[in-house]
Amino acid sequence: MPRPEAFFLHGVAVGVMTYGFIGLRTLPIDGWIRAQKGGHFQFLTIQGLAAAWVTMVLSLGCDLLPSFATLRTAKRASLMIALPLTFVISAVYWPLLLFFPSLILPRQLPGLSEPSSSSTLPSLARIPFNMDFSLHLAPVITLLVDFIFFEKKYTKKQAQIGSPLVVLACGTWYSWWVEYCASYNHRFPYPFLTENPFNIRVGIYAFVSLLAWSCFRLMNALHP
């Protein structure tokens, strides 16, 4: 039988993240984003959400089939990707949203009605808080709780060899992907990338990747 508290966490996490993703279709700029190269998956937020969602679905599988070793291995590998990714997304998104929203939020398009939460900055495409929570807080909170209370820490070899390789692969993938999409869309999903030249963007990609790796190492070291 699955542990009820773990099963509850994983089930709620899947539900909340699914709600956040489905809710994107209610945004005024949804059609415009989906018409672009890459659609919503231009955004690192959505890629992190997808990684977290897969991790939680695998966790539900492990709850229901605890003796299935291959499923457990897949969940641990997915967690190694999703945990630092969602952590760095939240660490970058919320400070920018609070203090420099024009660097992280896209502009509203002419002719589109604004979300109700855009009253303070009508030129920026804000989203309702419940959706913001589902996309930018729920993934990292649920993954961190799952890691601390229901998972063992990663071994020294996994932390020193596996995690930097995973972060390097993810960082390289997203750097290439967002540059590729921007070559068609003539703009980046995040204004702070659009406003910087290529060499600065490379520095941003490298810094964010290093931050993700450092956060993973710290979280694993602090795991009881």
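In case you wondered, yes, glycine gets a Cβ from its N, Cα and C as well.
As given in TrEMBL:
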type	residues	note
TRANSMEM	7-24	transmembrane segment
TRANSMEM	44-65	transmembrane segment
TRANSMEM	77-100	transmembrane segment
TRANSMEM	133-149	transmembrane segment
TRANSMEM	161-178	transmembrane segment
TRANSMEM	198-219	transmembrane segment
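Residues 30, 33, 40, 46, 49, 52-53, 56-57, 59-60, 63, 131, 133-135, 138-139, 142-143, 145-146, 150 of the same chain, all 6+ positions outside the transmembrane segment (7-24), place their C-beta atoms under 8 angstroms from a C-beta of that stretch. Pairs of Cβ atoms less than 8 Å apart link the transmembrane segment (133-149) most often to 77-100, out of 44-65, 77-100, 161-178. Long-range Cβ contacts of the transmembrane segment (44-65) within its own chain (Cβ-Cβ under 8 Å, at least 6 residues beyond either end) map to 2-3, 6-7, 10-11, 13-14, 17-18, 20-21, 71-72, 74-75, 78-79, 81-82, 85-86, 89, 93, 135-136, 139-140, 142-143, 146, 150, 174, 178, 190.
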